[in-house]
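S.K.: Residues annotated as active site, proton acceptor in TrEMBL: Asp248. Sequence annotations record features per position, and here TrEMBL assigns active site, proton donor to Lys270. Summarising the annotation, TrEMBL assigns NAD(+) binding site to Val22, Val23, Ala43, Thr44. Per TrEMBL, the feature S-adenosyl-L-methionine binding site maps to Pro225, Gly301, Gly302, Asp303, Val306, Thr331, Ala332, Met383, Gly412. The annotation domain 'Siroheme synthase central' is assigned in TrEMBL to 121-144. Among the features that TrEMBL reports, domain 'Sirohaem synthase dimerisation' is placed at 152-207. Here TrEMBL flags 218-427 as domain 'Tetrapyrrole methylase'. Here TrEMBL flags Ser128 as phosphoserine. The feature region 'Precorrin-2 dehydrogenase / sirohydrochlorin ferrochelatase' is assigned by TrEMBL to 1-203. According to TrEMBL, the feature region 'Uroporphyrinogen-III C-methyltransferase' maps to 216-478.
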Amino acid sequence: MKLYPLFADMSGREALVVGGGVVGERKAAALLEAGARVTVGAATLTPALREWADQGRIRWLPGSFEEAWLDGAWLVIAATDDPDLHRRIAGLAQARRLFVNVVDDADLSSFHVPAVIDRAPVTVAISSGGHAPMLARLLRERLELLIDPVTGPLASLLGSMRSRIRAQLPDLAARRRFYGRVLAGPVQGLLRRGQLALAEAATERLLESAHAKATGSVVLLGAGPGDPGLLTLRGLRALNEADVILHDRLVSPEVLALARRDAERIEVAKQAGHHHATQAQIHALMRVHAAAGRNVVRLKGGDPFVFGRGGEELEFLRQHDIPYEVVPGITAALACAAYAGVPLTHRDHAQSVRLVTAHCQGSVDTLDWPALAQERQTLAVYMGTSELPVLQERLLAHGRAATTPFAIIENGSRPEQRVVTGTLADLVERAGVHQVRSPALLIIGEVAALATSLAWFGRPPLGAAHPLRPAVPEPLAV
Ligand code: SAH
């Protein structure tokens with residue numbers, strides 16, 4: 001069931017709570033805090049409820065439930081320990097088109113009470129749709145830590161200036177930038193120390209200077225291999241601040257989903273064979289958007305400096321005096337190795353790791369094959385799926401043992417990850433049998449055999465065709 005979230009204005013409106021125990025008391029208290037006119041119907045009341053009734057803060061209807069109790073109510077909460085009564089109340093409320101919440105019974109309820117983080121006037125509400133209220137509560141605890149206690153006073157302060165802010169900054173992007181500066185600047189610190197007047201003055205100053213021409217900038221950002229959890233915190237922040245995102249095709253939708261909803265997303269994919277945008281066009285886009293004062297994020301799969309042409313983009317930005325920043329990402333070799341259980345430099349098996357690209361015949365020809373064929377090193381080969389026959393042939397020709405294990409990791413760190421293992425002798429055959437597709441990373445070296453025993457993520461590796469081969473190589477003599 002998908003719920004429609006809403007925040008109800010209950011001030012001055014009648015709410016009925018049936019049940020005078022501790023749960024009823026909690027519900028009544030929350031409704032009172034929201035300014036509702038609360039009636040509690042119950043034979044007996046907790047001491048607190050009784051006190052509120054004596055003080056006139058709530059109205060008490062003693063005795064057992066009667067349908068007339070529902071008259072005039074906008075919403076009803078059933079909080080007794082009588083399931084039959086709950087069903088009856090839910091049915092009657094339903095017939096009267098009254099929103100009803102039956103405590104601990106999602107099926108009978110037409111509204112749910114979320115777990116709440118209260119930073120009035122800001123409220124964050126979490127619901128599991130009645131499926132896992134405890135999970136919602138745990139999430140609430142986590143968010144409590146993340147949402148600054150001064151969020152409330154800050155919202156009140158900005159609320160008091162709202163119409164002026166809108167009048168002075170009619171452009172949405174300019175307003176966003178202004179609010180961004182308020183969050184980044186000293187205002188929150190002043191509020192935290194209770195210096196409201198100074199906080200107001202600091203906000204005024206930001207508003208006055210908001211018209212100074214904004215300078216755009218570019219953040220060259222590594223999105224990692226696909227699992228959004230592998231994005232850095234700095235990267236997440238940059239995505240939240242971006243007005244425009246120029247992204248590669250390799251960037252996963254889950255990572256893009258972390259960006260602001262209203263950020264403009266432009267795919268500038270450059271896939272072999274599909275030239276959606278040339279490098280020059282990407283440069284031009286960065287320049288135009290930055291010149292218009294926007295925060296541009298140039299989002300690339302993995303790390304921008306590992307086979308990502310990030311260097312060229314920075315050279316361009318530097319030439320044109322466009323301010324930039326670089327946020328690294330987790331490159332495919334590290335992510336695929338981790339998610340396939342391949343310790344790249346396991347001390348028993350390898351002393352070094354090389355990041356290699358075998359993208360086309362040209363790049364294959366320039367590789368230092370005698371060096372690559374040496375034992376006790378791990379090769380992480382990017383973009384190599386179409387060049388496997390050449391890789392296999394050259395490595396063997398330069399003396400790398402035919403028994404050297406490999407692991408191909410397709411869609412590393414993503415839910416559809418597949419790992420194909422084998423030895424150099426049957427590399428091409430095994431990749432063919434399993435129809436390995438891009439994006440895939442090839443790891444060749446003694447450590448690759450560990451994928452069989454250390455796998456932990458996704459489906460088990462598609463193992464060697466010859467089961468008699470040892471899964472883990474003998475450690476090499478040191
Ligand atoms: N800058 C990127 C690499 C870009 S080159 C990085 O640091 O990871 C593109 C190649 O990276 C692909 O052909 C593939 O070999 C590898 N790659 C990227 N993401 C991958 C993934 N999720 N799984 C497997 N390989 C991946």
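A Cβ is built for glycine as well, from the same backbone N, Cα and C atoms used for every other residue.
All TrEMBL annotations are machine predictions without curation.
Keep in mind that this is a model prediction, so the values were computed, not measured.
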S.K.: What's the CA to CA span in angstrom from Gly412 (S-adenosyl-L-methionine binding site) over to Val22 (NAD(+) binding site)?
M.R.: 51
S.K.: Is the domain 'Siroheme synthase central' (121-144) packed against any residues at least 6 beyond its ends, judged by a Cβ distance under 8 Å, and which are they?
M.R.: 1-3, 5, 7, 106-107, 109, 112, 114-115, 151-152, 155-156, 159
S.K.: Might you list, by sequence position, any residue in that chain lying six or more from Pro225 (S-adenosyl-L-methionine binding site) with a Cβ less than 8 Å away from its Cβ?
M.R.: Gly301, Gly302, Ile330, Thr331, Ala332, Ala335, Cys336, Tyr339, Gly412, Ser413, Arg414
S.K.: Looking at S-adenosyl-L-methionine and its recorded binding residues Pro225, Gly301, Gly302, Asp303, Val306, Thr331, Ala332, Met383, Gly412, figure out the farthest C-alpha pair and report it in angstrom, whole number.
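M.R.: If we measure all Cα pairs in Pro225, Gly301, Gly302, Asp303, Val306, Thr331, Ala332, Met383, Gly412, the largest is 16 Å.
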S.K.: If you count the other Cβ atoms within 10 Å of each Cβ, which of the binding-site residues Val23, Ala43, Ala332 comes out on top?
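M.R.: Neighbour-count leader: Ala332.
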S.K.: For the recorded S-adenosyl-L-methionine site, enumerate neighbouring residues of the same chain (Cβ within 8 Å of the Cβ centroid of Pro225, Gly301, Gly302, Asp303, Val306, Thr331, Ala332, Met383, Gly412, site residues themselves excluded), in sequence order.
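M.R.: Those within range, site residues removed, are Gly224, Leu250, Phe307, Gly308, Gly329, Ile330, Ala333, Ala335, Cys336, Tyr382, Pro439, Leu441.
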S.K.: Please name the residue among the recorded positions Thr44, Ser128, Asp248, Gly302, Val306 whose C-beta has the most neighbouring C-beta atoms within 10 angstroms.
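M.R.: Counting Cβ neighbours within 10 Å, the top one is Gly302.
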S.K.: I need the neighbours of the NAD(+) site defined by Val22, Val23, Ala43, Thr44. Which other residues of that chain put their C-beta within 8 angstroms of the C-beta centroid, in sequence order?
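M.R.: In sequence order, the nearby non-listed residues are Gly19, Gly20, Gly21, Gly24, Glu25, Ala42, Leu45, Thr46, Leu49, Ala79, Thr80.
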S.K.: Return only the integer: C-alpha distance in Å from the residue listed as 'active site, proton acceptor' to Val306 (S-adenosyl-L-methionine binding site).
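M.R.: Counting only the Cα atoms, the answer is 14 Å.
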S.K.: Per DSSP, Gly302 (S-adenosyl-L-methionine binding site) is which: helix, strand or coil?
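M.R.: Strand, per DSSP.
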S.K.: If the criterion is a C-beta within less than 6 angstroms of any ligand 1 atom, which of the recorded positions Thr44, Ser128, Asp248 pass it? List them in sequence order.
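M.R.: Close enough to ligand 1 is none of the recorded positions.
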S.K.: Specify the count of other C-beta atoms within 10 Å of the C-beta of Gly412 (S-adenosyl-L-methionine binding site).
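M.R.: Other Cβ atoms within 10 Å of Gly412 (S-adenosyl-L-methionine binding site): 27.
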S.K.: Determine, to the nearest whole angstrom, how far the Cα atom of Val306 (S-adenosyl-L-methionine binding site) is from the Cα atom of Thr44 (NAD(+) binding site).
M.R.: 70
